[in-house]
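The domain '3'-5' exonuclease' annotation in TrEMBL covers 49-163.
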Amino acid sequence: MVFATPYQTYIPLPFDSGEEHKDLEAVLSMVPIHIVTHASQLPKEFLFPSSKNHLIVGFDCEGVQLCHYGTLCIMQLAFLDAIYLVDVIQGGEKLMKACKPALESSFITKVIHDCKRDSEKYLCYGLTIMNNIMQALYFHFGIKLHNVMDTQIAYSLIEKQRGRRRSSDNPISFIALLSVPNYCGTI
């Protein structure tokens, strides 16, 4: 399939649903994907958080040996109407400084899956447990990530309340979570 612009993609249909999706038009709609190298390419409501406009953003980071000494390369932000791939290498400290208020804001919920498994946790300065994403953001850019919702932890807590436990050595993957009918059931 050929797209009008190189930065758009289709939202995939559930593979084994066996029936047409209730909102087929929404499922087949185009979702723009923006490569961000400058703060002006990000939504203003993200850059300038406000108590009048709470946001929920899908969030993840990719890098090389993410931690105190590693390199943060890409920050992924998913909004309802677009996806932003923040090129931290190209945009550098100036771009991350512009993102700092949003990442530290309590008015923007950052949703991530299995943040603790993205990296190894360890005791930092004898007081705080930090994962590698948080370390990279803090040690490289002075960003203290706030208001994070981890879908893997939420799943584990709900299952525990229901009397079902999953081994901490075998946490649910994002794909497996999407296939659980009581939660997402989209695959």
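Each Cβ is built from the backbone N, Cα and C atoms, and glycine gets one as well.
Annotations in TrEMBL come from automatic prediction, not curation.
Because the structure is a prediction, the values reported are computed rather than measured.
The domain '3'-5' exonuclease' (49-163): residue composition by secondary structure is 38 helix, 39 strand, 38 coil, according to DSSP. Confidence across the domain '3'-5' exonuclease' (49-163), taken as the mean pLDDT and rounded to a whole number, stands at 82.
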